[in-house]
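Per TrEMBL, the features are as follows:
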DOMAIN    4-129  domain '1-deoxy-D-xylulose 5-phosphate reductoisomerase N-terminal'
BINDING   THR10, GLY11, SER12, ILE13, GLY35, ASN37, ASN121, GLU123, GLY202  NADPH binding site
BINDING   LYS122, SER148, GLU149, SER173, HIS196, SER209, ASN214, LYS215, GLU218  1-deoxy-D-xylulose 5-phosphate binding site
DOMAIN    143-226  domain '1-deoxy-D-xylulose 5-phosphate reductoisomerase C-terminal'
BINDING   ASP147, GLU149, GLU218  Mn(2+) binding site
DOMAIN    258-373  domain 'DXP reductoisomerase C-terminal'
Amino acid sequence: MKKIAILGSTGSIGTQTLEVVENQGDIEVTALAAGSNIRLLEEQIRKFRPKIVCVFEEEKAKELKESVRDLTVRVVSGMEGLIEAAVEETSEIVVTAVVGMIGIRPTIAAMEAGKDIALANKETLVTAGHIIMPLAKKMGVRILPVDSEHSAIFQCLNGENKGSVHKILLTASGGPFRGKTREELKNVKVEDALNHPNWAMGRKITIDSSTMVNKGLEVMEAKWLFGVQMDQVQVVIQPKSIIHSMVEFEDGAVMAQMGTPDMKLPIQYALYYPERRYLKGDRLDFWSIGQINFEKPDLVNFPGLKLAYEAGCAGGTLPTVFNAANEKAVAKFLNREITYLTITDMIEGAMNGHTVKENPTVEEILDAEAAAYEYIESRW
Ligand code: NDP
Ligand code: MG
């Protein structure tokens with residue numbers, strides 16, 4: 001039995017990971033963690049019988065502890081608890097499916113404990129890639145991408161020489177507002193932005209997809225995962241999300257990975273790599289697809305992507321500021337405190353007000369995060 005821990009088990013990626021576990025039947029779940037959703041966590045505990053469970057919110061952890069008293073599971077809380085769940089001694093792979101920079105410390109702890117990482121939590125790599133990638137090398141652990149584009153690239157690179165990559169072609173659907181101008185985006189409501197044309201995902205990433213900030217984060221994620229420069233990652237709009245990404249090699253050959261928009265495929269691939277297993281679900285039907293179209297990304301009406309390139313090229317603490325300002329802004333937008341276009345205005349403002357620190361430590365990354373939050377609270 002393969003043994004895995006899932007951080008963020010109640011979310012979109014977390015629940016789909018558990019679906020894969022259930023479908024395959026030969027994976028043991030050793031640890032689970034979530035923020036506060038103890039109702040779903042209890043169901044998961046009763047079904048998958050993990051040894052340890054972390055609920056980040058202390059009060060909720062106490063409540064859960066009471067309701068699972070009949071079981072032997074250990075319930076912990078807070079960052080300490082999250083780290084304990086990440087390093088549970090028997091697990092081989094830790095699926096990092098929490099949302100946001102909260103993922104940095106447990107990911108590092110899991111790697112230091114020798115675990116492979118099935119990485120969904122892109123914010124960790126974007127802000128701390130310069131710590132994560134060398135650490136993976138030092139510890140001899142693998143970072144297996146779960147993000148569909150990065151899984152696609154990973155699949156295209158199978159058996160290839162890393163040095164022969166000319167360019168990474170990161171595909172994007174363009175989100176629900178593709179083709180719209182800033183004028184037309186002025187009055188976008190939360191409900192409109194949560195309505196992604198192809199993928200069903202968590203709320204934060206769905207908003208990020210609509211602003212193209214998600215694609216910006218993914219460019220930086222690709223830079224770290226595949227050891228390329230920012231200008232070697234080119235975003236290609238492909239509205240139907242059939243091609244999940246491509247790699248262009250030195251000789252001009254382009255490899256693409258295609259599939260239906262189902263996150264279970266990249267999740268399962270990361271858990272069983274290099275093995276492929278049967279996956280129930282829709283298959284691509286090329287007769288009904290008919291055509292696949294490509295467009296250039298619109299950096300004028302969707303400045304989030306342009307700002308991400310700036311952040312990724314500058315490096316240091318700037319990607320953290322880009323990400324933290326976005327996390328704060330998206331939370332405010334979802335809370336109906338700011339308008340849609342203010343999201344990218346906030347990111348730009350926070351980036352302009354920041355002095356970049358090169359090669360930051362985890363503490364310096366978290367300081368830069370706090371400073372970006374503060375900046376936004378004081379200005380908006
Ligand atoms: P969701 O919002 O659906 O789920 C987030 C998960 O994180 C929940 O289990 C939540 O618990 C948990 N969580 C939140 N805060 C904490 C905390 N402080 N401590 C412990 N757990 C916490 O997000 P997604 O599943 O959509 O995304 C997760 C990550 O995967 C993100 O980084 C995203 O960018 C990435 N990703 C997601 C894709 C998708 O299809 N959804 C695709 C590619 C990447 P609770 O439910 O209790 O709040
Ligand atoms: Mg993606």
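Even glycines carry a Cβ here, placed using N, Cα and C.
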I'd like to confirm something. Which of the binding-site residues, GLU149, HIS196, ASN214, has a Cα closest to the Cα of GLY35 (NADPH binding site)? ASN214
Measure from the CA atom of ASP147 (Mn(2+) binding site) to the CA atom of LYS122 (1-deoxy-D-xylulose 5-phosphate binding site) and give the result in Å, rounded to a whole number. 8
Among THR10, SER12, ASN121, ASN214 [binding-site residues], residue with fewest other Cβ within 10 Å: SER12
The DSSP breakdown of the domain '1-deoxy-D-xylulose 5-phosphate reductoisomerase N-terminal' (4-129) into helix, strand and coil residues is 63 helix, 28 strand, 35 coil
Binding-site residues close to ligand 1 - of GLU149, HIS196, ASN214, GLU218, only those whose C-beta is under 6 Å away: none
Mn(2+) site shell beyond ASP147, GLU149, GLU218, criterion: Cβ within 8 Å of Cβ centroid: LYS122, PRO145, SER148, HIS150, LEU170, ASN214, LYS215, GLU221, ALA222, SER245
The largest Cα to Cα distance in Å among the residues THR10, GLY11, SER12, ILE13, GLY35, ASN37, ASN121, GLU123, GLY202, listed in the record as binding NADPH, is 21
Those binding-site residues, ASP147, GLU149, HIS196: which ones have a Cβ sitting under 6 Å from ligand 2? ASP147, GLU149
Measuring Cα to Cα, how far is GLY202 (NADPH binding site) from GLU218 (1-deoxy-D-xylulose 5-phosphate binding site) in Å? 16
Winner by Cβ contact number (other Cβ atoms within 10 Å) across the binding-site residues LYS122, HIS196: LYS122
Would you identify which of the binding-site residues GLY35, GLY202 has the most other C-beta atoms lying within 10 angstroms of its C-beta? GLY35
